[in-house]
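Below is one structure, written out as structure tokens, with a few remarks after it.
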Amino acid sequence: MRSSLLRPATPRALLRRPSQPPRRLLPLLAHPSQQPNPPPCRPHSTTTTSSVNETEISHFSSLASSWWDPHGPSRPLHLMNPHRHDFIRSCLSSSPTSPPYSSLTYLDIGCGGGIFAESAARLPATLSITGIDASPVIISVAKSHARRDPSLAQKLSYLNSPIESLVLPPVDIVTCFEVIEHVDYPSQFLGELIKFVRPGGWVVMSTIARTWTSWVTTNLVAEDILKMVPKGTHDWGKYLHEYELREWFSKENSREGKKVWGDARVMGVVFVPGCGWKEVKGSEKIGNYFFGVQRLV
Amino acid sequence: MEALLRRRAVYVCQSCVRSARQPLWRNYSSAPPRPDIYDVVCVGGGPAGLSLLTALRANPITSHLRVALVEAQDLSKIRSWSLPPTKFSNRCSSLTPSSVKFLEQIGAWEHMARDRVQPYQEMQVWDGVSGARIEFDWAGAAPNTGTTIAYMTENLNLTSGLLKRLEELGGVSTFDNARVENITHGEETEELDLREWPVVQLSGGKQLSARLLVGADGANSPVRSFANIEAKGWDYNRHGVVATVELEGEGWGGEFTKIAYQRFLPTGPVAMLPMPGKYSTLVWSTTPSNAALLKSLSPKDFTAMVNAAFTLSTVDLQYMHTQKSGQEEEYSWRMEHTPVDHRAVPQVVTGVQEGTVASFPLKLRHADTYVAERVALVGDAAHTIHPLAGQGLNQGQGDVQSLAKTIEYAVTHGQDIGVGMSLESYVSERYAANHVLLGVCDKLHKLYSFGSGPLVPLRSLGLSAVNALGPLKTFVMNQAAGNGMKVF
Ligand SMILES: Cc1cc2nc3c(=O)[nH]c(=O)nc-3n(C[C@H](O)[C@H](O)[C@H](O)COP(=O)(O)OP(=O)(O)OC[C@H]3O[C@@H](n4cnc5c(N)ncnc54)[C@H](O)[C@@H]3O)c2cc1C
């Protein structure tokens with residue numbers, strides 16, 4: 001118990017220079033306590049063999065059977081899902097150069113069991129969505145679950161592929177929810193991810209800030225005290241601040257010598273036991289948040 | 001953004017329907033009936049089911065859903081229902097202002113025969129044994145509803161209006177004159193796993209697969225049985241006797257201030273609810289044997305019993321229930337010896353419309369939950385209430401409004417509208433609200449069901465206390481008018 005409490009504050013994490021993206025990013029759901037069956041938190045697993053480590057992949061594979069149980073460990077993710085759509089809509093409507101909402105293509109990186117991918121495929125406005133995940137077990141869960149809904153087959157496809165070897169024309173929206181915190185080399189990972197966004201399109205992510213609050217809620221309370229999340233789900237050292245993500249994109253702009261990426265949009269959300277997720281202004285600084293950025297050219 | 005969502009698209013597209021069917025054809029050489037895949041299959045075309053489908057069809061966000069209606073009765077007869085202005089159906093309900101607002105929103109209100117709807121502005125409620133009265137200052141308590149407490153409406157006027165609106169909207173696959181014979185689950189094929197999808201089998205062999213199966217099929221809901229949802233409650237051992245009656249005038253308040261009357265008798269409450277002109281609808285909850293007697297009486301004797309119910313002492317009334325006939329003479333004789341404040345009771349009933357005396361057993365039932373995987377219950381399928389507060393149908397409208405909103409939210413967020421998770425907010429919004437109301441009406445019934453003993457002085461005290469306690473009275477009034485607490 002003691003040693004695991006100490007684990008998060010590894011020197012590696014603490015020494016990370018703020019101007020550089022953290023070595024590993026990592027989001028998780030920061031929700032202290034909850035309802036009848038509090039869960040764990042991690043929904044989406046990671047995607048790339050190079051950027052995601054094997055331990056993470058097997059950790060999520062072990063959660064596969066409960067992925068779609070609304071009262072199981074993935075409940076917070078199920079509850080989070082509608083907010084993902086609200087956030088995407090707010091991003092799209094914030095810019096006149098966004099693709100029309102009536103016909104969108106998506107790529108969901110680290111799709112897990114398909115909670116987001118299925119929901120996006122069901123929207124009348126979606127043309128197509130591809131979900132990729134590094135875990136073959138989870139991809140098979142996703143595929144098998146999708147057979148339960150006849151409306152999905154036409155729009156939804158899954159690939160068990162690392163992002164590095166993915167071949168896909170750029171899409172309108174690249175999503176990556178609760179994933180980047182499991183990636184070993186987030187900077188390299190983001191570099192791969194942005195290749196799939198077409199001009200006008202958006203990168204939409206969610207993750208969790210690396211703060212004392214998030215350490216207490218996700219590592220101490222969720223894993224050690226309440227044991228609502230399997231131990232080892234969170235590595236606090238991998239959590240990412242939204243300013244770190246913003247800096248990464250502005251560095252991209254400097255590297256390109258022009259403004260390729262627009263100003264980031266951020267929305268902080270807090271898990272309120274009994275109510276689910278609520279948007280709380282400013283909470284991105286302390287816990288879970290959404291992050292969206294548009295490719296301008 | 002909203003506008004973008006309005007783009008019509010088919011949630012269950014035809015090719016999916018085909019691909020779902022093909023394997024079945026492949027598997028069975030004997031060519032069983034093909035299941036047809038729908039987003040919503042609604043069993044029951046009563047007030048609740050028709051409102052739900054109308055709400056879904058009228059909303060651009062949900063109008064792309066593929067919906068079907070299954071109803072045992074012949075709906076074309078209900079759609080073309082019409083009666084002369086001097087005849088009224090005996091099944092009437094008082095629609096609360098919030099139900100009416102909802103019906104306006106979904107575009108059904110304008111399709112109803114509005115000259116047959118009677119708003120009322122006052123309510124007189126008293127204890128038949130002690131005579132204590134509850135006075136309601138409606139204008140002060142319900143400022144947002146004007147002075148109208150509720151709108152008396154024939155159920156057929158409502159269902160006929162809903163059917164006309166549905167016809168105007170189009171897009172509902174209607175299977176009427178069709179009974180649900182069985183409900184099973186779908187099958188697994190190579191491409192699809194429909195083992196959680198309900199399949200409704202109709203008389204005639206047709207099969208409908210449902211993403212969401214809605215049970216709007218009344219108190220004995222076959223959908224509720226299929227979903228293994230238990231409905232707990234009890235029978236009141238009371239029948240509700242209904243009839244359309246004619247009074248000597250338009251009421252003490254004239255054409256524009258109509259009054260609803262309700263007297264609590266030891267056998268149950270008797271209510272006289274105003275309809276247009278000189279007409280009123282009677283709802284009299286009483287014992288099954290009293291109900292049987294009332295139904296057997298000649299129109300003259302029945303009319304006398306109705307008048308007696310609002311004016312004579314409970315002892316006199318009890319005696320008249322023992323007579324096989326002759327109530328008319330008995331009533332006029334007893335009235336000579338009974339002092340009555342005529343303006344405190346309904347105007348004298350002069351006749352009963354032929355064929356309108358009927359009775360229904362009364363019961364209280366509440367389903368343990370309103371949803372199961374790919375199943376939702378609305379209206380009487382979910383709860384059956386004592387009619388004393390005239391709320392059964394209104395509760396169903398509240399359910400439908402909430403379920404339609406839940407479905408809309410699910411659609412805009414890509415949720416599968418049939419899964420339990422998507423339906424959670426419907427249950428949490430409606431269950432407690434309905435439960436409070438079922439409990440209040442049940443307790444009122446019980447409190448007033450004793451003719452003598454310690455409860456009688458207590459309850460007259462109770463009624464006076466209710467009169468004195470402003471906030472509590474406001475609560476009761478809000479319940480009846482369906483505003484404030486949002487119970488209906
Ligand atoms: C005496 C009395 C007075 C009342 N007064 C009032 C009042 O003043 N105000 C008020 O709000 N409410 C009142 N109510 C209650 C009100 O009538 C009901 O709450 C309302 O009708 C319920 O509507 P529903 O659509 O849920 O069910 P129902 O009206 O029962 O409709 C169910 C439908 O399902 C169909 N169905 C059932 N089984 C099958 C099957 N197997 N296959 C195909 N179709 C099927 C039936 O044919 C029916 O059309 C009163 C009730 C009674 C008994």
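Yeah, the Cβs are placed from backbone N, Cα and C, and that goes for glycine too.
Per TrEMBL, the feature S-adenosyl-L-methionine binding site maps to A:Arg84, A:Gly110, A:Asp133, A:Phe177. What TrEMBL records for A:Glu178, A:Glu181, A:His182 is Mg(2+) binding site. For A:1-34, the entry in TrEMBL reads compositional bias 'Low complexity'. Residues or ranges marked as region 'Disordered' in TrEMBL: A:1-53.
Residues A:Arg84, A:Gly110, A:Asp133, A:Phe177 are the ones the record ties to S-adenosyl-L-methionine, and the longest Cα gap between any two of them is 18 Å. Cβ contacts within 10 Å of A:Asp133 (S-adenosyl-L-methionine binding site), excluding its own Cβ and spanning all protein chains shown: 32. A:Arg84 (S-adenosyl-L-methionine binding site) falls within a helix when secondary structure is assigned with DSSP. It is 12 Å from the Cα atom of A:Glu178 (Mg(2+) binding site) to that of A:Asp133 (S-adenosyl-L-methionine binding site). In this structure the C-alpha atoms belonging to A:Gly110 (S-adenosyl-L-methionine binding site) and A:Glu181 (Mg(2+) binding site) are separated by 11 Å.
Residue density at A:Glu181 (Mg(2+) binding site): 28 other Cβ atoms are found within 10 A of its Cβ, drawing on all protein chains shown. A:Glu181 (Mg(2+) binding site) and A:Asp133 (S-adenosyl-L-methionine binding site) have their C-alpha atoms 15 Å apart, to the nearest angstrom. A:His182 (Mg(2+) binding site) and A:Asp133 (S-adenosyl-L-methionine binding site) are 12 Å apart (CA-CA, integer value).
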